[in-house]
Every structure is written in C-alpha cells, then in structure tokens.
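Inspection log for the structure reproduced underneath, given as structure tokens.
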Amino acid sequence: MLRNPNEILLVAAVIFGVLQGSWSFVVPQTPFAQSTYPIRSVSTAIFSLSQNRRPIIAGNWKLNPATISEAENLLKLISGNFKNHRTLDGPEIVVFPPFPYLTTAINELDGTGIKVGAQNVGLETKGAFTGEVAASMISSLGASYVMLGHSERRTLYKESDSDINAKVHLCMEQPNLNVILCVGETEEEYESGLLKSVVDLQLKKGLMGLKKEDLKRIVVAYEPVWAIGTGKVATSEQAQSAHIAVRGTLSDLFGVEYANEVKIQYGGSVSPASIDELMQMPDVDGALVGGASLTADSFTRIVDGGTYSNLDNQSPKELIATEVVKTKNVLGESPIWSVKDKCLYWISAPEEEVWAWNLKDSPYRRLMGTTIGCIALQESTEEGDLVVAGERAFIKMNMSSNSKDFASGGEVLCDRPEQTETTRPNDGRVDRQGRLVFGMYNNYHRAGASAGENNAGLYRLNSKLEVESLLDYKYRVSNCICFPKEGDIMYFCDTPTRKVYAFDYPKEDGGKLTNRRLVYTVPPELAGAPDGAQIDSDGFLWIALSGSGRVIRVNPQSGHVDTIVHLPVSSPTSCTFGGEDLDELFITTRGPDGGGLYRVKVPGIKGLPEPEFSINSLQSVPSNSSPVLPTSAPSSTNEFPTPPVPSATRFVPGAHYLS
Ligand code: PGA
C-alpha cells in the first residue's frame, strides 16, 4: 500500500491543483500543504512523532446501544478482535461509549491498548448542577479522551463555540485527558464555498487561550455535517483539502511546527469500503467513525485497513478430508466423541440408526425404531450410555457392543415437546452444565401446507427431565447448536436463513437466550446452508456447509473464515473433534453422493471433550409415546454392516430430511 515519495508528491500536487480549480475556497500555501508525510494505510502506518503522525481511529457510539448487556457484548467482541493482536505500530484506537458504559468499557478493554473517551462533558466542575458530568469525573474513571464540538451537540443542543472552548479548558486542567475537537461545515456552507472560513472560525474560537503545549493533547476531527450519518462520504481529495485548511489555521494559531504534530481525523460515513482511500491522503491521520463503529467487525476492519484488512486478506488454510467409514448413511448426523469410551457415535436419522466406532475395530450400528434427531453422551460409569432424541420421545440406551441391552429397545425418558407430526427433534448438543439443548425441525419446511412456516421451537432438557423453551420465537430448521468452554454463549442457526447467530446463554434453569448477534452469513457465491457445527478449544466454530462440500472454521468475533476443509461429496452434515488427542475432525455426510464418515487432522487445533447429559434422578417421566423397539434385528456386533433398507411401515413424517 505504501507508495514511493515521488508518487506521493505528484498525487498531492495534482490534487492540490484540481482542488484549487474546483473548490471555491483557496487552499493555503503553507509549507506543509504539499506534505512530505508518507501515504499510509491505517495498518501499515509506522510513525515517528517528529516526521509522521500515528493514525488515530475513534468509534463514536453516540446514543447506542440501548442496554449495558449489548454494550458489554460489543466491547467483548472488540476486545476479542484486538487482544494480543495489535502492536504499537498500529493506529491509536479509542471508543466513545455513552457515559453509563464508560467504566464497563474501561474494564472490558483493559489490556487491549484501546482507549476510552467520553462524548461530552459539562461546563461546571462541581456543585448544584443536576444532571451534569465534570471533566474530573471522566478523568478519574480512567478515560483518556473527551469529544467536544460534535455537530450533533452544536445543532441539537445549541452548544456555542465559547461553550466548547470552556470545555476544552476544563479538560486541559485534567492532565490525563485529551480532546477530540470536531469541526465541519454544513452542506449549505459547503455549497456556498464557506468551508475554510467556517472551520477556521470554529478552530480559532474552540482553541482560544490554549498554550502551544496543550496542542499535544488535541486531535481535530474534520467532519463535514453533510457526510455525518448520511452515507455521503467525502472523497479523499475533499478530505485532504479540508485537512490542509485545518492545518493552516492551526499553523496561524500555534506555528507550523506545532501544527504539524496535530492529528486530523476525517469523520462522516467512514466505512471499511472508504477508509483505505481516505488514509492514502497525507493529511488524513485517522477517522472518527460513527455507525460503522457499532459493529465489531466493521470497526476492526476500519482499524486494520478496510478492504485491505488482515481479516479479509488472510487466505484461509485449505485441508481435504478423506472417507474413513463407508457407511452410505442416508443422512449421517450428530457426531459426538466420548473421551471415556474412546469412541465416536453418530446417527443416520431416517434410517433410525446409531453408529459407533472406536477408530480401531469395525464400526457397528444399532437400530432404534424411531427417526432420530440427535444423540448425546449420558453421564454414567457404564460404557456406551447415550441419550437419543427420538421422533416422539427421549430415549436412554446403551450402545456398548457387549451390553445385554443391545438387542432391546431403549428406555423412554420423557416425551419430546411439540407432539405433532409437523415437527420433530433435530440438531442438539449438551451444554456445559450437562443439559441437552435441541431444536425442532419443520418437516414441511420445503413443501406442503406449512412450507416455510416458522413453527419449530428451541428447547433444553434439564437434569430433572423437564423440557424448557429457550426462545420466544419459532423457526424452521434448528442447527449449529454448540457451546464454547465457558458455556455462556450458544451458537445457533435456522438453516434456511444461511445465518449463524450467537446468543448469551442462560446458565440458570428457566432462562431464555438473549442478545442475539450475527456471527456468519454464507456468502451468495456458495451453495447450500449451515448445518451442524462444533466448537474448538480456541472458541472457533467449525460449521458444516451442506450443499457446498466444505466445513469452515469461523472466528465468531469477526466472522472471518480461516480454514476450509473440502470434501469430495457435496453435503457434510456436522462435525466433531475426536481421537486420542481430540485433534481429528470427524465429519458426517448425507446421500445421495455422500453418506460416509470423513476425517481430517487439523494441526495445532484441538477440540473440547463433549459434555455429558446428567440426569439427577434416573426415574423417567411417564411418556405417552409408543414403546421404542427395534423394528428389525440388530446387526451383529463388530462387523461392518450393510445399511438396512428403511421399512415402509414406519412413521416417517414428511420425509423431508434436510440435514
Ligand atoms: P457516521 O458518524 O460515521 O455515522 O457518519 C460520524 C460522527 O458523527 O462522528
């Protein structure tokens, strides 16, 4: 991105010439007008204070978000993106949350190097001024910046230049406070050629009485009012020209040397798409970002250099999975690895089978006599104890090939919710507290009377075998359910939407999922949709993209895909980590071209042990469901079986098995 200095001078000179012709104000011919500062990207900026100014990117949250928990979430995402990631070579980063979130922001961002600022300050220092906030209070919290003179304060709250100047002085009395002073012209003023005189006056009045030394703690944000929140970003040439004008006034006030040190941000509809061009300009020293700072991903990308962002630039690692069990499942699903049993279990949903493979002997299966949504490990001293989410009920069964129970049906634990033919249990995983979270599936979502209808709920089976509803709304096809090791977040997608979300996950029984935020959207160029997912020990998501022949690893904080596992078949359905060291990714697939179990080693990445479902009382809850018995003889153990032909007499609602 860095260009050579001659090219820079040429560009600056051309811009300068063009602007002199096209703009109605005169750009000052100060010594710094044809800047010798290198053209920078935000991310590659290397600064030395005498020659170059370290860029500063600030996020102005304005009156957002509505609640502290949303603010915490945004801060966590930002902090996750930046932790241990930024070096001193990068830009200075500041966020400006509303007053009530300042302390939370300071705490959440601790250790990231990101500074926190206040969006305003009162005119008084203490006393009977109800509702006011003093500069000393801001400073004592540990905030580093105060933003003053924002156009919204000037117009909506009638702040005058002399108010702003008084506030600048109050901040300067606090040795640890810096100020971002915002200036900028309205559209009308711009059209009338008044940009320079408006900005000149705002600066002269706003900075009146300041000592040269104070200037080190002042950043100027040039924000044309017509660009704020409008999507009408100024061109980089317009910004550069205005910044030269700002520096001209600063030079008039404090001298060239001091003026050269002042950082001038551009603000007004800055986004990842516009930041790089703006930052090419020698006098654009960063950005004041409003709307785009409310999303961790876009803010991070702006800091990292917009379209050149590392988040986008790092090409994903590509791996290929190979088939290890040629099961030809109609619909393989729900793979789980038992550390205790050293065994992988999975299902073929419509074939009513649970499969087991210890990675050494031949895999074997057990027929359940019911369509299966998912399986879970059951907390037990016995090998092979599983819980099966059957079509009508939850079933406890033992999968051990030595068990005498092997030939009998499982024990019904309790009914599943929504006793209707329209829905059935689908994807599920045990949370970190040992409860089984599962979603329902609209059997008719692809066709039929209730096509497309959101009628499937999301539930949790707790240790008392009570089913709790986790969401107040319904959807079509639950998938992607998984939990990071802290157990406080749950991932989920309604497959037809092609979007994966994170929720704050309630640890207490009876709680609801809250604070939904988007983690990943399948891009339009990819076929298919997200199916099952698993989390690794870094907290990254592995999502099977059914229909596009791949499993992707997604950073849930940025949505960035850093690994793609390709399969030779189109529809992977889910995945999990297994093997002695939990470093092998097992992937179930579905027909017609797939159906086998695939595996890939992922160097340097490990899975987490699959949690076990814990039942407080082994007393099952009376169920109205029909008895669960195998509908055909179980295969003999330890042999590689031929998949059975599904029985035509079984109840198979809808027979639409989207994985
Ligand atoms: P915007 O706001 O990026 O949403 O236009 C900028 C600002 O007002 O500081």
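Glycine is treated like the rest: Cβ placed from N, Cα and C.
Automatic prediction, not curation, is the source of TrEMBL annotations.
Straight from TrEMBL, the features:
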ACT_SITE  Asp531  active site, proton donor/acceptor
BINDING   Glu333, Asn479, Asp531  divalent metal cation binding site
BINDING   Arg424, Asn426  substrate binding site
COMPBIAS  619-640  compositional bias 'Polar residues'
DOMAIN    331-589  domain 'SMP-30/Gluconolactonase/LRE-like region'
REGION    619-647  region 'Disordered'
SIGNAL    1-24  signal peptide
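On the 0 to 100 pLDDT scale, the domain 'SMP-30/Gluconolactonase/LRE-like region' (331-589) averages 89 in this prediction.
The number of other Cβ atoms within 10 Å of the Cβ belonging to Asn426 (substrate binding site), over all protein chains shown, comes to 30. For Asp531 (active site, proton donor/acceptor), other Cβ atoms within 10 Å of its Cβ number 28. Under DSSP, Glu333 (divalent metal cation binding site) is assigned to a strand (E or B) in the three-state scheme.
The Cα atom of Asp531 (active site, proton donor/acceptor) lies nearest to that of Asn479, taking the binding-site residues Glu333, Arg424, Asn426, Asn479 as the candidates.
Remark: Asn479 (divalent metal cation binding site) has Asn426, Asp427, Gly439, Phe492, Cys493, Asp494, Thr495, Pro530, Asp531, Gly532, Ala533 as non-local neighbours, by Cβ distance under 8 Å and separation of at least 6 in sequence. Counting in whole angstrom, Glu333 (divalent metal cation binding site) lies 15 from Arg424 (substrate binding site) by their C-alpha atoms.
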